[in-house]
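Copied over from TrEMBL:
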type	residues	note
DOMAIN	59-172	domain 'OmpA-like'
REGION	148-172	region 'Disordered'
SIGNAL	1-23	signal peptide
Amino acid sequence: MLFRVSSPLALALVLSLGLNACASDEVPTEEVVNVEEEVDTNLDTPAEPPMDDMAIQDEVPAFDLNSTTVSFGYDEYTVNPDSYGALDSLASYLKADSTVTITIEGHCDVRGSTEYNLALGDRRAESVKDYLLTLGVAASQLSTISYGEEKPLSPGNTEADHAQNRRVQFSQ
């Protein structure tokens with residue numbers, strides 16, 4: 001039985017066999033370089049002292065709830081940018097200790113009906129709560145209440161007295 005092989009195919013076969021026969025059997029190797037690390041074996045270096053619970057407690061920022069008041073304009077409940085610094089500090093304090101819970105108390109001056117002032121005080125307290133929530137304070141740490149005009153700081157009827165009574169305060 002004879003097979004017919006085309007001449008270009010036969011030529012390619014002969015050349016590939018010839019090239020394989022000429023190839024070297026040597027496998028290339030990579031050069032291995034030894035690198036020694038310097039290790040400090042000096043055991044006389046003192047280790048850093050461990051942090052105790054007291055040191056961790058010192059990192060929690062102190063905050064005086066009684067001295068913090070957020071003021072509002074007449075018939076307004078939007079948080080004033082002047083109050084951002086105090087509220088940012090309060091948020092840091094609350095985030096540092098998730099066991100602390102506070103009540104946000106909304107207050108109004110005596111102008112307006114009792115019902116209106118209770119609603120306005122509630123909107124003021126909720127506005128402050130919303131701001132604290134945007135700073136990452138947990139909702140479970142915050143509650144709100146409105147006292148309306150029932151707990152004035154200043155009992156007078158001047159504009160300065162009214163301004164003192166339009167506020168949000170905090171309690172634990």
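Along the chain as shown, residues are numbered 1 onward.
Positions of Cβ are set from backbone N, Cα and C atoms, glycine also.
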Per-residue pLDDT averaged over the domain 'OmpA-like' (59-172), given as an integer: 95
Positions on the same chain near the region 'Disordered' (148-172), where near means CB under 8 A and six or more residues out: 65-66, 68-74, 76, 90, 100-112, 114, 117-118, 120-121, 124-125, 128
Secondary structure tally of the domain 'OmpA-like' (59-172) (DSSP, helix then strand then coil): 50 helix, 21 strand, 43 coil
